[in-house]
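Noted in TrEMBL for the protein shown:
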type: TRANSMEM; residues: 52-73; note: transmembrane segment
type: TRANSMEM; residues: 85-104; note: transmembrane segment
type: TRANSMEM; residues: 116-134; note: transmembrane segment
type: TRANSMEM; residues: 146-164; note: transmembrane segment
type: TRANSMEM; residues: 176-197; note: transmembrane segment
type: TRANSMEM; residues: 203-224; note: transmembrane segment
type: TRANSMEM; residues: 231-250; note: transmembrane segment
type: TRANSMEM; residues: 256-276; note: transmembrane segment
Amino acid sequence: MVGSNSSPPRPKWRKVAYGGMQPGYDDNHTDETFLEGMVMNASVVKRDMLKVMLDSVSISEYLCIVALVVLVWTYTLSSALDENSLLLIDISLLVSGFLILLFTQDMLSLSLLLHYALNISFFIIGLYVLAPIYQTLTRSISSDSIWAVTVSLLVLHLFLHDYSESTVKAPGVLKNPALTSCISVNASVVASVFIASRLPSRLHVFAIMLFSLQVFLFAPLVTYCIKKYSFWLHLCFSISLMALTLSFVFVLHRLLFVLLLSLLVFVNLVCPYWLIRIQEYKFEINGPWDEAKLCFDITD
């Protein structure tokens, strides 16, 4: 009689994802095997100091590109560069950029380059038509305010810029640029308009706007194509660009040269060292309770 009053044994608990509550167990029940699937720091990447330093070269490269743009703006506002010299620089940049894209991209063809050339021609014509509007856009604003807003926009541009990829995508790329990259490009364009509005002539405004837009819009694409084509070519190009920028800044102002050199050393040496050191303090726990992640991309 005693045996008939005893409760039946509970079924063995099973670890199931979508089985609902199991009889005799709470919904949050776990057994002694719960922590057997725990993994410590499973996805932590062990970084190499030299590899991180080489990856940081792209950041220094773009910092030098922006510094060269600011140098051209400064020389133009001080009348050291006239509109003819600026137009010559614009043509040189445009031709060299097309040649680099032609030799580094397999998907580019002559017909596609002609299509791009036609679109750029329409863009240049529209820019020349709008040059008088840019020239008088900030006539009632003081130059100090213009420089303050311009510096703020350039800092925003550098902070939000996508240093891993190019904002202007090459042919055949399906991924669209991120929102932060678009904001970064817009900030650089507005800064260029503010600087162009302080110039005396329409041709000056057109030349400086064409130069700025070429650099901010297409220089990341060109440098990205060079990096994909050959990393060592990208490294040589970046080191040469840094040396050229530092030499120009040294001629312009010694204090700015020290600041730029310190910034490049900080980006290429100090930041990689910090990144390697803080990896020792990374603590990540993974287990079967984590959400499932797709291991492939879904494209239309």
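A Cβ is built for glycine as well, from the same backbone N, Cα and C atoms used for every other residue.
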Stretch-level contact, the transmembrane segment (256-276) and the transmembrane segment (52-73), CB cutoff 8 A, at least 3 pairs: yes
Segment proximity, the transmembrane segment (52-73) to the transmembrane segment (231-250), 3 or more C-beta pairs under 8 Å: yes
Cβ-Cβ under 8 Å with the transmembrane segment (52-73): same-chain residues at least 6 beyond its ends: 81, 86, 89, 154, 157-158, 161, 163-164, 195, 208, 211-212, 215-216, 219-220, 223, 227, 231, 234-235, 237-239, 241-242, 244-245, 248-249, 252, 260, 263-264, 267-269, 271-272, 275-276
